[in-house]
Every structure is written in C-alpha cells, then in structure tokens.
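Below is one structure, written out as structure tokens; the observations come after it.
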Amino acid sequence: MFLVSSKTEHSSQSKRKRRDLFGMFDGYDSCSEDTSSSSSSEESEEEVAPLPSNLPIIKNNGQVYTYPDGKSGMATCEMCGMVGVRDAFYSKTKRFCSVSCSRSYSSNSKKASILARLQGKPPTKKAKVLQKQPLVAKLAAYAQYQATLQNQAKTKAAVSMEGFSWGNYINSNSFIAAPVTCFKHAPMGTCWGDISENVRVEVPNTDCSLPTKVFWIAGIIKLAGYNALLRYEGFENDSALDFWCNICGSDIHPVGWCAASGKPLVPPRTIQHKYTNWKAFLVKRLTGAKTLPPDFSQKVSESMQYPFKPCMRVEVVDKRHLCRTRVAVVESVIGGRLRLVYEESEDRTDDFWCHMHSPLIHHIGWSRSIGHRFKRSDITKKQDGHFDTPPHLFAKVKEVDQSGEWFKEGMKLEAIDPLNLSTICVATIRKVLADGFLMIGIDGSEAADGSDWFCYHATSPSIFPVGFCEINMIELTPPRGYTKLPFKWFDYLRETGSIAAPVKLFNKDVPNHGFRVGMKLEAVDLMEPRLICVATVTRIIHRLLRIHFDGWEEEYDQWVDCESPDLYPVGWCQLTGYQLQPPASQSSRESQSASSKQKKKAKSQQYKGHKKSGLVPGNHMVPNSGQ
C-alpha cells in the first residue's frame, strides 16, 4: 500500500481526520547524480498542480486521495536517471524518458548498464547471480558500519567539545568549507559525486509529537564538508527549523528509502496545515530533483574499510631521532589513522600517530633496502600475534631515474623544516639514498651527529629549488647565526662554495586540488599528531597550503601539501569517532604557550642546540568518541 496514515488518540474527530492526511505518497525512485535540480521557487497550496485525472482514486478513513501507484506513478529513466511521471515516459515498459535515451541505451547497452550500476539501480538477474558473494560481503560491511555509528551515538555525550558546533561556527561567520572532493584519501573522497545544494534526502522528522520515529523529506541548503544544512520540504524560505547533520550518517537516506522500508513520511507539525494535498505537493517538488544514489550508505561503508589492522608491524620514523626509523606495531585504526606503539615500549605509551598513507611509515625491511638508518629492536623475535604489514599496503612513491643528472651531497635547496612546519629554510642534501630518497639537513641548526636529518623523497612537495620562496614571496628562514641579512642565495652559495640543486629535478606537478583561501577543514597538528583541529587555508602557493589553526597565533601555522593525508573535510571527526579540537580560547592559548616554551627548551637540549619552535610529536593516546 502506497498510502501511510498516522493516527492519534485525540478525542476530536476533526483532529483525527487531520492526522489521516499525513499519509504520504510512498513510491519515489531515486534520482541519479546526473539529473537537473528542481526549481527553488516558492509554492503555495493554490500553485500545486492537480494530478492527472487518469490516476486511481483511493478512499481511506473517509478521505479521498489521488496518488501515483507503482504502475502509473513515478519512474526513473534507465539511461540518464531523470525522474518523472511514468505515463509521460517512452516505450511500453516506461524505461526511458525520451526516444534519445532509448536509442542511446540500445546502441551501447554495456555502457548504459555500467551507468545504471553507478546510479545505484538494481542489476539484472544474471548480474545478481554473478554478484552474490560480493553482495554478502558488502552487506556485512554495511552492518559493521551501522554498528559503529550506534556505538558512537552511545558514547557521544562522553566527549567534551566545549560547546563547539561546526554548523553554528560556519553559520555565524559565513565560512566556507573545503568540499569532500578535495580529500581523495578521506571516506567518499573519490566517489562523492554530484551531492550539492538542492539534493533531497529523507531524514527523521523531529518536529512531530508522534510516539514512533517518522521521516520527512529535506533539501540541502548548504554543504560544509560532510555536513549539510537541511530544510524540510514545505518550509520554503523559512529557516526556523533548519538543522545541520552529517550527510554520511545512518539516519540520512535517498528519497524512496521510506517507501522501500515501510517507514512513514509525516510532514512537520509546524506546517501540517499548509497544504491539503501533500502528495501532489511532493510529486511536483520531487519531479526532476536529485537525491543520493540508492547505494550511498553502502559506498560510505566500503570507503571506511581500512586494510591496516592491529598487530601489524611497520617501520616508522623515530620521533626522537628523525634520521632513523624504528619498528612499531599498529595499536588501533581510526578513520585510516594509525596509533603506532614502538615495539620496545613496555607500557605501550611510547606511540606515534599518522595516517596509513603517510610518507613516514614503510614496510619492514625498507630502511635496509634504501640505506636509511635503522634502530634495531632489543626484542629478538616477534611477539605472539604480531606480523609484518604486506608491502603493497603502503603509499607508493613515483619512480625516478638516478642514472643521469641527479641530486648530489652538498647541494643546496629550500625545504620545510620538519620540526617547525611554519618555516621554509635553507637546507642541504646530506646523503643520497636509493630509490630517490634524500637525507636533508637544515643549515645552521644541525646536530653534530646528524640525528636530525630528515628523509624526503626527490618528488616530495616539501622540498623546493633555490629561489622558490623569493619568487613566491614567502619568507625564507636563513641559517641560524647567519648575519649577512637580508639573505641572498647568490652570496651564500659563493661563501659556502656550494651549488644549487638543478631546478628540473624537483616535482613541478600541481593538481587541480580545489582548495581556496578561507576554506575551513579539519587538520592534524603535525607537531602534536594525535590532535586534529579546526583549521583554515590562509594561503595557497601552487600545491602548497598554509594551514592556520583557528584561535592560535600564526607562529603555529603549518605548510602542508594539498594531497596530504593529514587534512580532512569538515565533519570527518564526527564521522569516524575521532575527537576534534575546537578553536583555542584565550586561556588555553596562554597555558599552551607556556607549555610550548618549556618543550622548546627541553627540545633544544635534546637536539644539541636546536632552535626549533615546534613541539616534538606527542606520545599520548587521543581520546575519541567512537571507541
């Protein structure tokens, strides 16, 4: 039955009849990502066009309704995905919205089949048989995803965010968030599709006094990363009940989900008397509109499955001696981020946080294969249950040809200081390793034993040719103790008897990343990598982003590559259950600054004269809301 009625226990028969009017048209199909948006014009009861007279009349509790049924109601074109009234579709089977779509489908049925699958339409019987096993796996993954969301909801109250809300923060300041498509490593980053303003979804109706959970249709007013500002259908330009939610949450569904799941669609109480024929209103509003793909939740689930598992062993940079690596074991995985515990840590508190695609982690044996320093573990054999991570799971670096003109020891360049990511410094190649890797030292502040050399690949976006900062009007940090200011590369090269690394050897690729100055995001504080903070893009130089942590001084800013796995869309922490650090208040800034100064002093002693103002990566377990 396509009509769902809601009954109350009110004594008044008129109120009872009014509740009966909540029964909604129940048989929409999902719109594809390629359909055109519906009109945003205001609609009144008088403007709702009457339904075709040939549609069936249904009586229910004394009320007469006209509605599209499963045969003569709504249909979705199998070629372009357009949604419309079935009677207006082409061919006897009503599979296509036009002759053009019918011919296109017939001329290239394989392509059309793939398109239909991408749009979430059911496969043919033959395809269903072939996909039987993968479908079971997908359902299992989806069940796991739903369980994770439920666990997050149960523990959400335990996390203190000091009242921070992304929605309020963005609304009150008219901020713009970086779109999900900017973050290819994040869930849905490569399959976000055409989710944009005016897309319609089915969501719980919170403006309702019924004892059971009911739903209503809402449209996206504004997108901020994974978060969407929604407005219930029927409110037109009234924003009184607008609300923010994570579009990847378990309560967000494509239009048609209620029909398939037998869930009631009930209009919000505030506007329940606005129209006498809600079904006609919805048909007009939804015809030609877009919604989420039918398999959107499944895609979210699949994009949140991570190959790294607890007990896997990796080689990771030694946070106390950057020039070498150590063996660490994966302790936990949250949203693709790994908490690694160094293998020799008896109390399991000596840890390091990074993303699974970080250039700081490698497979066991990597250091030996390229000639990198490695701290051998005092543990002679693997602990029970621990196993080496398969090499194919790690991020791949671009292959380079070192046989011709190549980097040489002693060459000068400019590099982001790994211990003070707000600065780009004068640097020197100290050692050339295999497979395109280089050991870089920061001029004027190197430890005598080279323990602070840092490994960058030749294609790393964190190293630059001589003159990069001057050309792009970035302040270059000169060597510590260098007094001939302002710093001039020509004079410095002559004084040191050095040569600049050839410009042609550096990575010049600049992807169309989509970031813009002023965009909000969630970013890892790489000086304290267990923390993910509210942040802003304040400057863009080709593929290089200047990340500012909201509420903090500019001295804590960090230069980060546009494809860094340490940047995430707004709403990532909520989606994965990781704790987000809100913008710093004045009191927290002052206390943190004092702590920072102490750590600076301690670090300078540890590194034999280092001047770095950043913090050595922390070794504390991050509290999160999803565990």
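Glycine is treated like the rest: Cβ placed from N, Cα and C.
Here the structure is a predicted model, which means the values were calculated and not measured.
Per TrEMBL, the feature compositional bias 'Low complexity' maps to 584-596.
Sequence annotations record features per position, and here TrEMBL assigns compositional bias 'Basic residues' to 597-613.
If you average pLDDT over the domain 'FCS-type' (68-103) in this model, you get 62. Marked as domain 'FCS-type' by TrEMBL: 68-103.
Taken from TrEMBL, the feature region 'Disordered' applies to 1-53 (among others).
The feature region 'Disordered' is assigned by TrEMBL to 581-627 (among others).
Among the features that TrEMBL reports, repeat 'MBT' is placed at 164-268 (among others). Mapped onto DSSP helix, strand and coil, the repeat 'MBT' (164-268) counts 16 helix, 30 strand, 59 coil.
Taken from TrEMBL, the feature repeat 'MBT' applies to 276-372 (among others).
Here TrEMBL flags 374-479 (among others) as repeat 'MBT'.
Sequence annotations record features per position, and here TrEMBL assigns repeat 'MBT' to 487-583 (among others).
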Remark   = Residue counts for the repeat 'MBT' (374-479) under DSSP, helix then strand then coil, are 10 helix, 31 strand, 65 coil
